[in-house]
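One structure is given below, encoded as C-alpha cells.
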C-alpha cells in the first residue's frame, strides 16, 4: 500500500528517478530498463495522489505536464536578452576582430559555439530549484513558459549542492532532425499542416496550452550562458560548470587563441554541418574572458563581444526531370519541379517550387537542365538557377499547357499575364482543393478532415461540393478506410462545431478570388452581416480600406454567380449559423506595425487594413517608435534595422493570431 510510505521515502524516490533521467537524457547511459523506470514513475504518481501536499517543485512528475490556463503572462527579464550581430562574409568577420583587438589592445581568447537554430529562453533557479522560464520575447520582456519548459527531460529541475543557490541560465530550445521528422510524420498521419522547419516546431511546442502534448514531442535544450553572483572569469569555464551541474550543453564550445584558429574552425564546422543531429545556421564567436566582455560592453541592440557567423543557405545540384502542374482551389495552374532526388540539410528533396510561368521564363529553366536547388527554411525547396554549361542539346523553352491536366478543359490566362487558370467549375482538382481549403485551419478549421479524407469522400461520391460537408453521416464515414468509432465521433463533433461560424471566417472559407483572411475581416467589420456582404454594390465595396477595384469586382462577380449563392443558402438550410461581426475586438489598439516582404495569406493592403480596423497604425519605416515589424518572404533592410533596435519581429502567423485571436 502506497500510504505506508514516509515523506523521506517519497523524496528518495524523486531523487532516484531524477538520477535515472540524468543518466538517460544527458549522459545517454541508462542503467535500468524502460519497464523498471515506468514502474518507479507509477509508484511516484500514486504516492503524490495519496499525498498531494508532499509534491515538490523538482518532482519528476512535473515533467508530465498539466493544462495551462490559456495565456502566457508577460514578465520582465532580470537581464535584457540582447541579440547578437550577424556576419556573412570574412570581411565582416575581420572587422569584428579588429574592433575587439583595438579596444582591448591585444588578441583575446575566443570561444566558439554552434548556433543552434531554435528558440532562446531564460531559466531561473532559486534555492537551486527551477522556478521560472521565459521566452526571449522582445528582449526586455518574455512570456512565462515554465510549465512547458519543465517537460524537457534533459533539463534539471533541481541543482546539486555545489551549484549556486540563485542561478539564471540562457539556452536554445530545439528539436533534433530525427525528432522533427517524427513530429511531421505524425502531422501527416493526422492530416495536419507540417511544420516548415525545426525552429517553427519548437516555437509552436513552447506555446502549446497542453504541457502533456508538449512533453510528448521531446524538446531538447542547449545552454549557452549563465548568470550567478560568483561567475568565473571564463565563459567557457562557466559552460563547463553548467555541464557539471547537469545542464545539457550541445553547442560544442571550444576555445581558440588566434583569429587564424577561429577562421579555420569555421571552415571545419561548415564541412560537418549536415552530419550534426540538429540544425545550425552558423557559429557564435564570443570573447571568452568575462572582464573583457565588460570592457567591450554593449549597444542598445547587441553585445560588442559576440558575433554570429552565418552560413549561406545550402544549395544542391541535380537534374530537373519534369515540370508538373498542380491545380489550386481557384483553378490556378502552378508549375512544380520534379527533381532527381538530392540530399539537402539532411533530407531527400525530389520536388521544388517554380512559382509561375513568368519565373520559369526569367530563369530560362528547361526540362533536362542541371539546376541549383536551395532549401532555406521552407517545407518546399526552390530552384534558384540553371547550370547552362551542362544544358543538354535539344532542350526547348517550357510553356504552360493550354489544357487543364485534370479535366482537360482549355485554360484561360489572367489579365496580369502571370496566372493561368482552369475555369471549369466541375474540375475535380479545383473542387477538392476548394473543399480542403473550406475546412482548413485558416477557414472553418474543421479538425480531423484532412486532404486524404476529403479526397476519399469525393472519390466515393459522398461529397461533391462544400455544403455536402454538413450532410456527412456516420454511415458515410464508415466507408472511409481506417475510420473507427472514435474517429467518426470526432469528425461529426468538429462539423457540428463549425456550424457556428464567425462572419469573417465564413467569408474567408468561401475562397473568393483575391479575398484572403485580411480582406474577409475588412468586409465583416464594414458590413457586419452575411446578407449585407452578399448584396454589396461595387461602389460600396470600393470605399473599404484594403479593398481595391480588382478585389471589389471579384466579390461582386462571386455573389452574382447563382451556383455560389445557392450553395451558401444550402449551408444555411443545413444549420450553418454565420455569426454577425462584433466590433468588440481592438487587439491592435495603440500599436504601430511596419510590414516588410511579401505575405502569403493576405495582400499587403489587406494586412494594413486589418491592422487599422483592429485599432492599430501602419508605419512605413523602422524606428524605435514602432511596436512590431511583420516579416514576410524576402524581407528588405527593415529586418536588419529592427533586429538592431530590438523591435519584436512577427511572422504572418503571429500577425494573424493578434488580428484574429479566436
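Placed from the backbone N, Cα and C atoms, the Cβ positions cover glycine too.
Annotated in Swiss-Prot:
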| type | residues | note |
| --- | --- | --- |
| ACT_SITE | 115 | active site, N6-AMP-lysine intermediate |
| BINDING | 34, 35, 36, 37, 38, 83, 84, 113, 136, 172, 286, 310 | NAD(+) binding site |
| BINDING | 404, 407, 422, 427 | Zn(2+) binding site |
| DOMAIN | 583-662 | domain 'BRCT' |
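Taking the Cα of residue 422 (Zn(2+) binding site) as the reference point, the closest of the binding-site residues 36, 84, 286 is 84. Within the domain 'BRCT' (583-662), the DSSP-based counts of helix, strand and coil residues read 26 helix, 15 strand, 39 coil. The two recorded residues, residue 115 (active site, N6-AMP-lysine intermediate) and residue 407 (Zn(2+) binding site), show a Cα separation of 49 Å. Taking a C-beta cut-off of under 8 angstroms and a sequence separation of 6 or more, residue 286 (NAD(+) binding site) has the following same-chain neighbours: 110, 111, 112, 113, 235, 293, 305, 306. Ranking the binding-site residues 84, 404, 407, 422, 427 by the number of CB atoms within 10 A of their own CB puts 422 at the top. Listed in sequence order, the residues 327, 331, 405, 406, 408, 409, 411, 423, 424, 428, 429, 430 complete the 8 Å Cβ shell around the Zn(2+) site centroid, once 404, 407, 422, 427 themselves are left out. In sequence order, 81, 119, 120, 121, 122, 142 constitute the residues six or more apart from residue 136 (NAD(+) binding site) in its chain with CB-CB distances below 8 Å.
Summary: among the recorded positions (36, 115), the fewest other C-beta atoms within 10 A of the C-beta are counted at 36. Residue 427 (Zn(2+) binding site) and residue 36 (NAD(+) binding site) are 58 Å apart (CA-CA, integer value). When the alpha carbons of residue 427 (Zn(2+) binding site) and residue 84 (NAD(+) binding site) are compared, the span between them is 52 angstrom.
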